[in-house]
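Enquirer: One structure coming up, written as structure tokens, with questions to follow.
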Amino acid sequence: MDKYAVFGHPIKQSKSPFIHTLFARQTIQPLEYVAIEAPVDGFLNSVTHFFSNGGKGCNITVPFKEEAFQFADQLTDRAKLAGAVNTLKKLDDGIILGDNTDGEGLVQDLLQYQVPLQDKRILLIGAGGAARGVLLPLLKQNPSSITVVNRTYEKAEALAEIFSAYGAVEAVRMSDVTRSFDVIINSTSASLSGELPNISPVIFSKGSISYDMMYGKGKTVFNQWALDNDVYQAYDGLGMLVGQAAESFTVWRGLRPSSKQILRELRKNLEGM
């Protein structure tokens, strides 16, 4: 039985074991997947022990994604640009490959909702690790532009500079945003504390799609704000969670599981249905 895991701190609430166990059942893959809570200062020891004892691959969540980036022997292009790793795989020659599947998870979720990205104007709110992880996969969908805004403008500017070689990316001060966008993505965790970004609702219009990377029971505060401002549709990040897991599973096993049934199960659990 091949061994996989997710590392984090804390890790008790992780949905990854549930998701990957269902993926394994669906694809008839002989594997086990467990959650491992590494000490805050003990990730490297924990992950080294895991691979030394037959581990095939693992997911990495907060606060260890940057450490996993340093730990990997080899990095995919999307991991290099993300500056963080959420997926590690032990190759046949013993090399540990680091990848980042977060952005692909977001894009796949948007596409399954039939949200058009090509030639669209995208607003990305936030310039932290979550934003950095999704920029390259979003740019590969050929939007007309991606505008990055952040509470600290300099962080948005630095991010736009890194990714401008890959497509039309610009940084704008939050106070200078005066028009609407086709797709608005909130990459901040503000919704978890019931807060909204300090930006004008002019970003929304009747045809806009809102996407909040956070999720919970019912609408997030960001998506409720978007709906109150007449967006066409609003989605949360639960599908991104399942999408990045499906991409990790594909990296490990070479075949892609279906996300739809698992997403339905998770949504039911979340809503207490």
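Cβ coordinates come from backbone N, Cα and C, glycine included.
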Enquirer: If Swiss-Prot gives Asp77, Gly126, Ala127, Gly128, Gly129, Ala130, Asn150, Arg151, Thr152, Tyr153, Glu154, Lys155, Gly237 as binding NADP(+), which of Met1, Met213 does it give for that site as well?
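Expert: Answer per Swiss-Prot: Met213.
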Enquirer: Whole-number answer please: how many Å between the C-alpha atoms of Glu154 (NADP(+) binding site) and Lys65 (active site, proton acceptor)?
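Expert: Each residue's Cα considered, Glu154 (NADP(+) binding site) and Lys65 (active site, proton acceptor) end up 23 Å apart.
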Enquirer: Between the binding-site residues Ser14, Thr61, Asn86, Asn150, Thr152, where is the Cβ count within 10 Å the lowest?
Expert: Thr152
Enquirer: Would you list, in sequence order, the recorded positions among Ser14, Lys15, Thr61, Lys65, Asn86, Tyr215 whose CA lies within 10 Å of the CA of Gly129 (NADP(+) binding site)?
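Expert: Neighbours among recorded positions, in sequence order: Lys65.
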Enquirer: If I take the Cα of Asn150 (NADP(+) binding site) as reference, which of the binding-site residues Ser14, Lys15, Ser16, Asn86 has the closest Cα?
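Expert: Going through Ser14, Lys15, Ser16, Asn86 one by one, the Cα closest to that of Asn150 (NADP(+) binding site) is Asn86.
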